[in-house]
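K.L.:
Below is the structure I would like to discuss, written out as structure tokens.
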Amino acid sequence: MASSNLIKQLQERGLIAQVTDEGALAERLAQGPIALYCGFDPTADSLHLGHLVPLLCLKRFQLAGHKPVALVGGATGLIGDPSFKATERKLNTADTVGEWVEKIRRQVSPFLDFDCGKNSAIAANNYDWFGGMNVLDFLRDIGKHFSVNQMINKEAVKQRLNRDDVGISFTEFSYNLLQGYDFASLNKQHDVELQIGGSDQWGNITSGIDLTRRMNQKQVYGLTVPLITKSDGTKFGKTEGGAIWLDASKTSPYKFYQFWINTADADVYRFLKFFTFMSLEDIDALEEEDKNSGKAPRAQYVLAEEVTRMVHGEAGLEAARRITQSLFSGALQDMTQDDFAQLAQDGMPIIELENGADLQQALVSAELVPSRGQARTMISSNAVTINGEKQADPEYTFSASDRLFDRYTLLRRGKKHYCLICWKA
């Protein structure tokens with residue numbers, strides 16, 4: 001992605017929601033590499049899909065020759081950003097936030113290149129400059145540059161200020177000052193000239209631009225990426241089981257892969273522009289091919305493979321493919337013990353059974369049928385499989401040969417209703 005027309009290319013991919021002084025920023029980028037940053041507050045022990053677009057935007061800038069700074073908010077994570085939040089955030093302990101900072105730092109690192117010469121990435125933590133700052137210095141050196149009149153008129157906090165039942169604490173109200181100072185501090189330390197973030201961060205970004213101009217007498221810029229929405233109006237990055245996390249121990253590579261496989265046709269080509277590094281020409285060609293093939297579109301599989309490989313690596317992608325193929329075909333011999341553990345992690349219904357349990361009991365316990373009588377009917381009609389093999393004997397009792405890795409049995413009713421049996425030792 002060439003630096004000279006980077007803004008235009010980002011716009012063509014739909015990746016810019018707002019930008020300050022677009023002409024001046026484009027001109028500055030054309031003059032040569034800049035340093036830019038994006039902040040990630042540790043509000044949980046993992047980043048989620050909502051963080052992926054700004055994180056990949058950092059990578060896009062680095063690929064164009066610019067120097068990215070990934071800022072983890074060890075200090076701001078202790079306060080909580082009120083932007084467009086209906087209620088006050090729960091304050092987490094310093095120890096908890098400290099643990100989350102390290103996890104998120106490790107999560108961000110694989111996306112950027114920290115050893116590529118002049119534009120090598122930098123990892124920073126804003127606790128480094130806020131941790132030793134006393135309240136008098138904060139108020140005198142930072143607070144004096146902020147107008148309360150302007151702060152209360154920012155859209156990000158207006159809704160809270162106008163609600164008598166919730167309001168906003170001074171703690172969260174001060175967040176804007178902290179993030180603003182991040183920009184000024186990074187500008188002074190690393191000559192950072194651009195902040196990027198989600199569109200909900202616009203108010204915080206413009207505060208940082210104003211503060212940097214006042215404190216450092218430097219012109220800097222801001223750019224936001226859009227809030228990702230789905231064509232049906234539902235929230236992106238959420239499932240019935242909750243958020244889709246980037247941490248494999250919270251959302252397995254298989255579930256992550258399936259999330260992308262299930263992307264609607266109306267969204268998939270747009271998501272390829274947001275979440276992959278495929279060229280626009282290749283995405284357009286894929287869309288044209290899908291329209292003319294008369295078959296199920298390939299785009300979902302391309303999207304799932306590209307993003308899963310990027311987040312979970314080749315091994316994670318291979319595991320996701322293996323589980324998907326095994327469940328689809330019913331041939332489980334290729335699945336590993338870790339693959340079964342992924343299914344258990346992903347929320348597949350699980351029951352524990354004692355030795356000697358029969359098939360009818362298992363179907364009822366798994367709530368795949370309401371009664372033993374219904375279980376008999378389902379079994380007799382060849383609607384039940386054990387580890388991918390049909391079982392038509394209503395009186396069937398499980399044996400040791402049904403246990404995969406001496407631990408698991410996969411039960412299925414019909415085509416889509418699964419349960420994983422975990423046998424008690």
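Glycine is treated like the rest: Cβ placed from N, Cα and C.
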K.L.:
Pick from 42-51, 182-191: which range has motif ''HIGH' region' per Swiss-Prot?
P.N.:
42-51
K.L.:
Looking at 10-14, 140-144, 235-239, 345-349, which one is motif ''KMSKS' region' according to Swiss-Prot?
P.N.:
235-239
K.L.:
Does DSSP put Y175 (L-tyrosine binding site) in a helix, in a strand, or in coil?
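P.N.:
Once the DSSP labels are grouped into three classes, Y175 (L-tyrosine binding site) ends up as helix.
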K.L.:
For the domain 'S4 RNA-binding' (357-414), give the DSSP counts of helix residues, strand residues and coil residues.
P.N.:
19 helix, 14 strand, 25 coil
K.L.:
Go ahead and report the DSSP secondary structure tallies for the motif ''HIGH' region' (42-51): helix first, then strand, then coil.
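P.N.:
DSSP composition of the motif ''HIGH' region' (42-51): 3 helix, 1 strand, 6 coil.
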K.L.:
When a 10 Å sphere is centred on the Cβ of Y37 (L-tyrosine binding site), how many other Cβ atoms does it contain?
P.N.:
24
K.L.:
At the level of the C-alpha atoms, what whole-angstrom distance separates Q179 (L-tyrosine binding site) and K238 (ATP binding site)?
P.N.:
27
K.L.:
Taking the Cβ of K238 (ATP binding site) as reference, which residues of that chain separated by at least 6 in sequence fall under 8 Å from it?
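P.N.:
Correct list: I244.
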K.L.:
For the motif ''HIGH' region' (42-51), find every same-chain residue at least 6 residues outside the stretch whose CB is under 8 Å from a CB in it, and list them.
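P.N.:
Residues 72-74, 77, 80, 89, 97, 99-101, 103-104, 107-108, 198, 228, 236-237, 243-247, 250.
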